[in-house]
Amino acid sequence: MSTAATPVTVTVTGAAGQIAYSLLFRIAAGDAFGDRPVAFRLLEIPDARRAAEGVAMELSDSAFPLVDSITVTDDPDEGFAGADAVFLVGAKPRGKGEERSDLLIGNGKIFGPQGQAIARNASPDVRVLVVGNPANTNAAILDAHAGLAAGQVTAMTRLDHNRALAQLAEKLGTSTTRLTNMTVWGNHSSTQFPDVAELRLDGEPVAGSLEQTWVDEDFIPRVAQRGGEIIEVRGSSSAASAASSAVDHMHDWFNGTPQGDWVSVALRSDGSYGIPEGLFASFPCRSVDGRWEIVQGLELDERQQERIRTTADELASELDTVREAGML
Ligand code: NDP
């Protein structure tokens, strides 16, 4: 059988949710895995399983040529069986009156067992993307239970990366396709650091033409708070753009990043750029031979280092919370 005809087994959790409602159709159209057929495994909690079956009916009705099969289940072992790529979208939303620590621990109860189910059932070289929030720490918990190699479990900061490119393209009066070498550091939260220091326009450095006050007072807060802005204007959270960025992330992981460019990916730190080992932080990454590599050798000034410390400190405190709850 030719490689093009071998289906890629793709698990999506939270398959009845808003993000999945866009994500599944983009994957089925070939946007993530090119011309490879897709064997879908849609995993939901028992209460949402029937709704996921409805989504599967629509997916089937769309008659996508690349859809090989669709399995809907609420059993994690069945959901992750043979998975080559996993999108972990389902997560517990923050309940009324809940603290962030409740959210971290509530999600730990989901992501720990999912890590174990991935270890038991998925392909040994599975590639995992955590979208459900708090994504970085959910990924750290999952990673601790899945026993996979460094870099096989990632969390999504690609939406922050894409939001940054969109803001910069507007500011510079250009298109996102001409901009490269953008980096989002740290946590997918309000402490994230969208960093333009290495930004290039048509391959030429362009950071010098952006006023520092615009970067600090407009750009960084706008990117970090864009999710809230969407909720205010649209009336519900960003779902299609989150799905689109998840597709971009997996596409680049399987197909490589363009020569000379990089993207933002949260993965287990190896200590690069002073971010303590073990934290799941966003770095500038290149996809080489199907593996993420953290771009090395970037020079950081004191201002950049300070912002990176702030977001890394938040990640460390999130990890302390779940460690104290016995989830690692
Ligand atoms: P969405 O599909 O809108 O969001 C799912 C997760 O993605 C949330 O944690 C959300 O975080 C996160 N997210 C990340 N980036 C974004 C972004 N830019 N915009 C919005 N969300 C983002 O949630 P729904 O409630 O519609 O659907 C969730 C589904 O997950 C439900 O069907 C539920 O049954 C299921 N679920 C499945 C589980 C499983 O398979 N084991 C476990 C738990 C839930 P935030 O909350 O911060 O917006």
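Including glycine, each Cβ sits where the backbone N, Cα and C put it.
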Query raised in the report: Do you know which of Arg94, Arg127 TrEMBL groups with Arg100, Asn133, Arg163 in the substrate site?
Result: Arg94
Report task. Would you measure the largest Cα separation among Arg94, Arg100, Asn133, Arg163 for the substrate site and round it to whole Å? Result -> 24
Query - For the domain 'Lactate/malate dehydrogenase N-terminal' (9-153), residues assigned helix / strand / coil by DSSP - result: 65 helix, 27 strand, 53 coil
Query raised in the report: Does DSSP put Arg163 (substrate binding site) in a helix, in a strand, or in coil?
Result: helix
Query raised in the report: Relative to ligand 1, which of the recorded positions Ala16, Arg100, Arg163, His188 have a Cβ found under 6 Å from one of its atoms?
Result: Ala16
